[in-house]
Structure formats: C-alpha cells, structure tokens
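Taken from Swiss-Prot, the feature active site, N6-AMP-lysine intermediate covers K131. Under the heading NAD(+) binding site, Swiss-Prot lists D51, S52, E53, Y54, D55, S100, L101, E129, R152, E189, K308, K332. Marked as Zn(2+) binding site by Swiss-Prot: C426, C429, C444, C450. Annotation source Swiss-Prot lists domain 'BRCT' at 609-689, citing sequence analysis.
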Amino acid sequence: MQDIQLDKRLSELLSQAVTPHNAQPIMQALCQSLNEHNIRYYVDDAPSITDSEYDRLMQRLKQLEAEYPQFVAADSPTQRVGGMALAKFEQITHLKPMLSLDNAFDEADFSAFHKRVSDRVGEVSFCCEPKLDGLAVSILYRNGVLERAATRGDGTVGEDITENVKTIKSIPLKLRGDNYPELVEVRGEAFMPKAAFEALNERARLKDEKLFVNPRNAAAGSLRQLDSKITASRALSFYAYALGVVEPTSHELAKTHYEQLQQLKSWGLPVSSEIKVCDELSQVFAYYQDILTRRADLPFEIDGVVMKVNDIAQQQTLGFVAKSPRWAIAYKFPAQEEMTLLEGVDFQVGRTGAVTPVARLKPVFVGGVTVSNATLHNADEIARLGVMVGDTVIIRRAGDVIPQIVAIVPERRPEDAKAIAFPQHCPVCGSLVERLEGEAVARCSGGLFCEAQRKEAIKHFASRKALDIDGMGDKIVEQLIDKELVQSPADLFKLTASMMTMLDRMGIKSATNLALAIEAAKTTTLPRFLYALGIREVGETTAANLATHFGSLEALRVATIEQLIQVEDIGEVVAQHVAHFFAQPHNLEVIDALIAAGVNWPAIAAPSADEQPLKGQTWVLTGTLNQLNRNDAKAQLQALGAKVAGSVSKNTDCLVAGEAAGSKLAKAQELGVKVIGEDELLALLAANS
C-alpha cells in the first residue's frame, strides 16, 4: 500500500499487522482520512488523492469493519450505503420554523423589495446565490456529529429523513475542525445534479420503468424513500445555504451571511461556488442576468436566484412576516411558455370554500410535462386577461410548477368564442358565492353545509381547540363521511357505538368510548362553539372576543356589521365574514340542529376589571412547561385579559420561559422584556383564580 498518499500517522498504522488491540485506532484513522478526503473532493474542490487510491482506502476500511464490527464508527463513510427500510417517516418539529421566500419576477419587483429594505435599514449589500430546484433540508449536528435531518414539511413540522441524508456523500457525518457550536442546525437544498438525473432515467429506460419528469421530482422522490439503500443509489448532492438554530447562542458567528457560509464551508459543508456579494442594485441585476445566461450550462437545475441582505444585524432588524423573512427574496427566472387552445372552464370548490376557475386546455407539452389544465385564479384574473372559451392562450408553468394562463392571442380569437361567467351560487351546494370588497377570491358561504368543505369543517369542529371530541381524529372523520354516517357537524351527535363499529379497526370498546366522548363534548363554552363553526378568520381569540362582547349566540346571530366592528380586534373584513356566515340559512339550520342535539354552554357574565388584571398586555410563552401544557397556560392568561402572541417584539409585556427556552428568550433579554419562569406564572394564576 506504499502508493497510497496518506498522512504519516495513518501510513504508520497501516504498516502494522492488525490485531484486536490496534484495530480500533487504525479504523478511526481510516475514517478520519476518508472523511477529510470527502470534504476536499465535495467542498474544497481540491482532491489530494486519486479515485483509485480513495477506493483502496475504502475497501481496506470495509474489510476491517467486517472483521471487527464492534469498532464500526457512526461517522464511518461506509455507513452511507443505507440501512433497514422504514415502515413510515416519523414527524420532527423544527427547532425554528423553516420559512419560505417571497418572490420577485422582474426588476420592478426586486426594486420594490430593495426600497422596502433600504427604507428600514439604510444602505444594504446582498449575498446572491442560485436558487436550487430541489428539496429544502434541515440537518442538526450535536458536538460535530450528524444527529438528525428533516424535510421542510409545512415549515413547522417535517419528516425525519436522517438515514437518507446520511447517504449523500457531500454531507459530512462529522464536522471538520473543532470551532463549531455544541449544537448547530444547517439548512440547505438536497438536489440531483443533471448528470445524475440523466443516468437515473437511462437506467429506468433500460429496465422499461417509469421515467422521472425532472431533477426536482427525482430528488424529492429519492430523499423520501423509506428504504435508504434506494436513496444511496440515486447520487444526490447538497449545498448549505443558511444557519438555523445555534447553541449556545453566545458562540461567535460571522457578522455577514456570506461569511457565515464560509464558516459552514470551513466545517466541511458544501456551499455553492456561485455565491457573490453585490453592493449595488446594478450588480444584483448583472448577477441575475449572468446566472440566467449560464443556466443551461450549470450542473444543476435552478429556477432563479436568491438575494439575502448580507449584514446579519440588518437581517435581525428587518425580521419576519408570517411565512417569510423580510430580508430575503427569490428572484425567479421566466418560466417556459407555449400556446394552446382554451376548450372550457370548470369551477372547483376547495376545502376552505374558495371557488377557483380551472381552464381545460388542449394538451400541450411545456416545462417538461404535458399540461391539460391551468389555473385562472379568480374573476379579476379572467377580466385582466380578457380571456374567452375558444381563445388561443399562452401557458406558463409559474415557478416551473403550477401551469397558468398568462396571455391570450387576440388575432386568433374565433367568432364563436364564449365569455366566461363566474357562478353566483356554489356549484357544489348551491349556497351564495360571496366576494368581499377588496378580496380577489370568491368563496362559498355554506361552510357547515357544503360537501366540498365537509371533511375539513367537521375535522375542525371536533378538534382539540374546538369541541374537543376525544378520539375523533382526522381518519375517523374521513371514514364517517365516506361511509355517509355524517353529513354535517350535527350528525356527530346522532352517532351510536353500534354505528361506529362499522369503521375500520373500531371495536365495541373503542366505539363506546368515542360515543361517551361525543356525549361529553355537548357541554362546551360559547367561545369554543364559535371557533368550532369555522367562520373565516375567526380564531380562538376572536371567538372569545365575540362571546364576551355579545354574551349570547342569539345576540351574535343578529348583529350588524356596524355592531361587529365594535368588538375588540375585529375590523370590517372579519365583521363581514361573520355577518355573511350567519346570513346563510344552511349554516343557521346546522347551528339549530346542534343546539337541538343538546350542545350547550354556560351563560357568559361580562368580566370585571378585577377579573382581567392583564387586559391590554401582550404575553409570550416559550420553552417546556412541566406543570401546565401550553394551551392551558394560554387559555388561563387570556381569561385574565392578556393577549398571547407567538413571537417576542418591543410590544411584548412579559415572556414566560420554560425549560430549554431558545431564541425567544434571547430576543426578550435583548429588548429588555420582563421574563418570568413557570413557578411565577403558577403563582400569578393562583392569585387570580
């Protein structure tokens, strides 16, 4: 093995005869060397040994691991081949939400974003990077060792894909060096390079198997395999693009986004070589045009570029909106377009009641797929386009995912073209379709009655924060509706144990317990009942405010928009939603049926000032509470008049910090917000009980 270019220590170890006494240090040295060569190859782009030399080292390690399996290390490169297949993916709650980005589609959009940012924080530089078309991934390292990995999911909860991520050769199983934090979350994009995608489809073609449409679908499908051996065979890659949670928070990190990416690279994580800092708006546009021009020649698929405010302090000042950071934007590339014929328009009703026009198209191949349907969004979009049935239209796959009509070809309009009439009544249930002033989306107002909304309405009605029917999970609701045992929330209270034994995996004992839970749920509170009705934009707090203000369901049912606007935190839009909901006869019939079935609640007495000592205050909960669950603590604080928010700001009056409190505690301390522990909270609640 004298031809292998190794460090002196490894050379000395490999020259020894292997025994049970020295096998472990030899294997550790091999792991360390192979992992370092992986980083040099995938991260530094500067390999120091040949592929054949690497293969010989790997083969030697495999031989030793076969002889001494008790010494196999968790970070051994041999562990990337995949393990036992899973039955399903476990759910993981992200330590910090994985937010999505707002989009810019042209220079005007980005200029507006730039103005919003610079108006708030002054001059800014941007860290610009290609927007990889793959799957967002969170990877958690503890003491430098890869502990877990998860998909983005809905941003709050993702799927545990740890074993699959370990098969990606460019992701280190152990970080390089020793200057990393005790706990560090790395966020990035898992993707399939174009060459790997072509090879994968070629193998499928030879086996007469179904081909993947594009590299993104291939990457997503590969990463979500229950059998990690399949993932290991798919040649996925990864680029890190951000830090997530870092603990301890006192660990010194770079002050700019670009420098933080270089820190990630120094720890052995791959970072795109196309990243660049731009100080001027003109440089940003030049970067965009450069990447767009070279798009086809890049080794991976991209659908735009991402621009992030480079200064971390400015990022923190800008903060976040509900689902995205204010300091970053995805500047999307123009999607591919084709012309085809609009043959008709159908109207679909979604689970939330949104009535959406769907274009039926003469099938056309665009953006890598055959498209026969496209969204027309809403009535405003139909009017803006001036589109009619029979028109020749231009189809674009917006964001390379959702086909949409972007224009018509007027000169090709036939004489018999027909105008598109938006329905006045729901095509599913016949209820009035409402469209409030200032809103683009039209909605069916028969929320409790409409078949299209039925499953979601009843799931919500039975949920923990609504009627709280213990044991009535989503799967049971779906079965009840599919078997036509339930058609409205009131039908839940007609169910008997014997009826529910018809459900899958529902024995008489479980059915009896569920019947008892349904009976118990009849006694509730007016705020819970109002929340359970699923009125648009009426959450727990708004439901409580409505109940407190009007005192009874009877008074609320006949309230005018003017009266509703007088309720705390209710504006004209929410007032219109409430008024329209109670104006629908179908909804009133369901409410009357619920009351006739025995649903009841105690009368509400208006709280005195003494009973609401926290009125006007904003509180935030963070960390783990041992004696109260989060919802109970929230409800009790609200009963004392507090508004319970989800994030800390300068308007926060008090933060309750449980165990393992993280970024919210740090933010509160930074802003000088009062912080109390669980014991102090319990004392406060006891004193006001």
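In case you wondered, yes, glycine gets a Cβ from its N, Cα and C as well.
Taking H, G and I as helix, E and B as strand and the rest as coil, DSSP gives the domain 'BRCT' (609-689) the counts 29 helix, 17 strand, 35 coil.
The Cβ of L101 (NAD(+) binding site) has 18 neighbouring Cβ atoms from other residues within 10 Å, across all protein chains displayed. It is K308 that, of the recorded positions K131, K308, has its Cβ surrounded by the most other Cβ atoms within 10 Å. DSSP classifies C426 (Zn(2+) binding site) as coil under the three-state reduction. Around the Cβ of R152 (NAD(+) binding site), the same chain contributes M98, L135, A136, V137, S138, G158, each under 8 angstroms and 6 or more positions distant in sequence.
Each residue contributes its Cα atom, and for E53 (NAD(+) binding site) and C444 (Zn(2+) binding site) these two points are 67 Å apart.
The 10 Å shell around the Cβ of E53 (NAD(+) binding site) contains 17 further Cβ atoms across the protein chains shown.
Ranked by CA distance from K308 (NAD(+) binding site), the binding-site residues C426, C429, C444 have C444 at the top as the closest. In this structure, of the binding-site residues C426, C450, the smallest number of CB atoms within 10 A of the CB marks C450. Sequence-distant neighbours of C444 (Zn(2+) binding site) (same chain, 6+ apart, CB under 8 A from its CB) are V349, G353, V355, C426, V428, C429, S431, V433, C450, A452, Q453.
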